[in-house]
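K.L.:
As listed in Swiss-Prot for this protein:
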BINDING   17-23, 33-40, 67, 126-129, 158-160  GTP binding site
MOTIF     37-45  motif 'Effector region'
CROSSLNK  147  ubiquitin cross-link
LIPID     206  S-geranylgeranyl cysteine
MOD_RES   208  cysteine methyl ester
LIPID     208  S-geranylgeranyl cysteine
């Protein structure tokens, strides 16, 4: 029997409507692709068992959130408790790339993370299967953005052709697990501090 601890990792996928968030989620979890997905209202999630670095077992919840502005307010309620945030843009859509920083900032405002400076993000430039003439966002521009936001890992992907999706989500799982463990340790430290303060108070309040 394995003694390995199983963790539940929550991963949020953000980005403009139509960049391929739902397609990426289904490609990774189910290894399937469809062009018939409807716009996500609020949020939806799928789960997948993952093994990180060969010996760490976890259940990853991949949350797909609304990209359309009229549905965004429904999705922010699901940001809290996230262990990693994936920011997706479409390499054929300049505005979706320009909005990456806004999505990151919105997440940090609503997610209430313990340490915004160190919280893990991953950027995915999707639809690299598109014809070269239709690609607008260069890899260099994406690398510069990723660096400016704190050296965020960047992957160019194709949900349609299953390019780089598994590799990207391996990094996402690793980052999420590290964040999950850091949050757990911080909670345990705070809990132990609270217990020690209470015990010290009881010891100092003796009756004379």
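Yeah, the Cβs are placed from backbone N, Cα and C, and that goes for glycine too.
Help me see these features in their spatial surroundings.
P.N.:
A C-beta separation below 8 Å, combined with a sequence spacing of at least six in one chain, links residue 35 (GTP binding site) to none of the other residues. Secondary structure at residue 35 (GTP binding site), as computed by DSSP, is coil.
The predicted model assigns the motif 'Effector region' (37-45) a mean pLDDT of 73.
Cβ neighbours within 10 Å of residue 147 (ubiquitin cross-link), excluding its own Cβ and spanning all shown chains: 11.
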K.L.:
How many whole Å apart are the CA atoms of residue 20 (GTP binding site) and residue 147 (ubiquitin cross-link)?
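P.N.:
About 23 Å separates the two Cα atoms.
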K.L.:
For a quick check of understanding: among the binding-site residues 17, 23, which residue's Cβ has the most other Cβ atoms within 10 Å?
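P.N.:
Neighbour-count leader: 23.
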